[in-house]
Amino acid sequence: MPALPADRKRVAWTSADSEELYGLPAWGAPYFSADAGGHVLVSPQGGGGASLDLYDLVTSLRQRDVELPLLLRFPDILADRIGQLYSCFERAIARYGYDGSYRGVYPLKCNQQRHLVEAIVAAGRPYCLGLEAGSKPELALALAVLEAHGDPSGTDGLLICNGYKDRDYIAMALLASRLGQTPVVVVEQLEELAIALELSHEFNLEPLLGVRAKLSAAGSGRWSASTGDRAKFGLSAPQLLAAVEQLRASGQLQCLQLLHFHIGSQIAAIGTIKAAIREAAQLYVALVQLGANLHYLDVGGGLAVDYDGSKTHSDASKNYSLQNYANDIAAEVKEACDRAGVALPTLISESGRAIAAHHAVLIANVLGINTPPELQPSAEIALSRSDSSSSDSSPAESEHALVRELRDTYAAIAPDNLQESYHDAVQFKDEAASLFDFGYLSLRDRARVERLYWACCRQIRDCLRTLPSVPDDLSHLEATLAATYYVNLSVFRSLPDSWALQQLFPILPIHRLDTEPSERATLADLTCDSDGRLDRFPSTSGHSKPFLELHPPVAGEPYYLGVFLVGAYQEILGSAHNLFGDANVAHVRVRPDGYQIEHLIRGDTATEILARVHYDAEDLVEALRRRTECAIASQQIALPDAQRLLRTYERGLRNYTYLEQ
Ligand SMILES: *Cc1c(COP(=O)(O)O)cnc(C)c1O
């Protein structure tokens, strides 16, 4: 047997080791941590507030018949994020002596779920947080939930109207000002300007207008195609000038009060943000100098979330803090305006991801685990017998030389020959494959070769784990040998960005963190789609890992995984692939003496999800009933079995679309 470094002292694994392994403090602070008992704690109010034990919470929800998968929302986290955003901008404003203020707006497209929007509006009230709409339905909900008192410079949140607009959209937005709202119609295409001017004349009101600039500073990363000269949205420099001239001609240049831009979401590099701000600040100055009555500079979204905790400009991270972001915006805008002698604008950001991502955690249970058959312990026991009369060979049959070679390779594996051993094993396996093709190797020997090959790989991998670094040509072994854990969720429904954009989300068990996770695994979801899997995981190095460290399941005990930072974009982009519906959702508030389940929103039943594709449950039951009657009549099924089928069918339609355990 290869020698493991025997002097490597084994100290007992603690929750702190798990925190480091999963990068918990790096991406989760101040909201998520592990306690000494190995459970994940959530501290929704951030640093100072009370904590909840996530495992206990899930257990108590299951006692209330709330089944998994389950999306937990912590509205206190939303409030804390909003508070952080404002305090960072306030600090930046003080630091640079910025003679102006900051107003946030929450972009609804990030997550429009009613209870979440209501929580954001309530938490944002002290800050005059506004809302941003990008479509008519979003505007419709914004008009109903955003409170307004006709006090634009005081306590009211702004209502920023973005996106492509038709007459109805613009009419609704303009008339909202009559209800005391402060709508800003942001012109994305010149045609919208003409409609806005015509309608405001008709309604006899003075509109608050903005323009969206198409910046030439290209973004970077995933959304870089949505910026720069070929961006889908926004006015180019000639179009901005045309807008100014159109407004001047109609005597309404004073209505143009806001300059907006948006360079994409999850902008990982601060350099990209700075370049965009610099360009936008110059545009702001230029438009003021042309006579526009600008007051607001709206920097759009893009403020990123550090999903892997690496603090790098990898797609899953960001190389700046919230404070850096606010500082750079305040500093760049102040510099450009001061230089030109232009009054400083009120700064607006439309930060969706940065407000919403942290507040939601998806909990799913592991249903089962699969390791390739070659790796199962019984095969290894057979291997360790070196005589050729092992149980699966008949005495008459002699062992092929390749089998012996591989057995010797296996026996010789040691930390100083891992690459050599691996390449030998590969060569023997390849030779065996060609010999088999030409009829020179029996199936039995081929099976032995394969078992031995996998045993070598496993042994080499185990040795690699004890080394400080892994040679490149062996780095795939962990992923190749990883177990598959089946989890009770649909990636398409609950984590669509991991499928569509290869986005990474932190995942870890919410209990057993005080013991070492000895397995390395990838995750497979319930859909019968080979894309329905998670096989890249965040790492604080900034390079993703092809496996996740997990514990072996314990028979009769649940094993719960938490997927964190899923509050932005996932719910609304999720799809009903394989007819898996919405997960159950619980809104949980911390209280000084425990917690309160403020809202419980049941996930879809099979009936509901079938209705979405236009099947009526009653019709389905009736169709099946008729079939059973025919089968009973022709004596293909006994009546009790037919009834059993019908009852199971009807219960299935009433129930949750996920697996029940
Ligand atoms: C998507 C979007 C946002 C939100 O972006 P985040 O990166 O989530 O903050 C803001 N403004 C506009 C115009 C958008 O399209």
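Placed from the backbone N, Cα and C atoms, the Cβ positions cover glycine too.
Bear in mind that TrEMBL entries carry predicted annotations, made automatically and left uncurated.
Feature list (source: TrEMBL):
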type: ACT_SITE; residues: Cys528; note: active site, proton donor
type: BINDING; residues: Leu297, Asp298, Val299, Gly300, Gly301, Gly302, Leu303, Ala304, Val305, Asp306, Tyr307; note: substrate binding site
type: COMPBIAS; residues: 380-396; note: compositional bias 'Low complexity'
type: DOMAIN; residues: 101-357; note: domain 'Orn/DAP/Arg decarboxylase 2 N-terminal'
type: DOMAIN; residues: 397-477; note: domain 'Arginine decarboxylase helical bundle'
type: DOMAIN; residues: 607-659; note: domain 'Arginine decarboxylase C-terminal helical'
type: REGION; residues: 380-399; note: region 'Disordered'
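Annotated features taken from TrEMBL, shown on the structure.
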| residue | record | Cβ contacts under 8 Å, 6 or more apart |
| --- | --- | --- |
| Leu297 | substrate binding site | Leu258, Leu259, Ala280, Ala281, Tyr284, Val333, Pro345, Thr346, Leu347, Ile348 |
| Val299 | substrate binding site | Phe261, Ala276, Ile277, Ala280, Ile329, Leu347, Ile348, Ser349, Glu350 |
| Gly301 | substrate binding site | Pro107, His262, Gly264, Ser265, Ser349, Glu350, Ser351, Gly352, Arg353 |
| Leu303 | substrate binding site | Ile267, Leu322, Tyr325, Ser349, Ser351, Arg353, Ala354 |
| Val305 | substrate binding site | Gln266, Lys318, Arg353, Ala354, Ala357, His358, Leu565, Ala568 |
| Tyr307 | substrate binding site | Trp27, Ala316, Ser317, Gln503, Leu504, Phe505, Pro506, Pro538, Leu565 |
| Cys528 | active site, proton donor | Asn578 |
Secondary structure tally of the domain 'Arginine decarboxylase C-terminal helical' (607-659) (DSSP, helix then strand then coil): 39 helix, 1 strand, 13 coil
Recorded positions whose CB lies under 6 angstroms from ligand 1, from Leu297, Val299, Gly301, Tyr307, Cys528: Gly301
For the domain 'Arginine decarboxylase helical bundle' (397-477), residues assigned helix / strand / coil by DSSP: 61 helix, 0 strand, 20 coil
Confidence summary (mean pLDDT) of the domain 'Arginine decarboxylase helical bundle' (397-477): 93
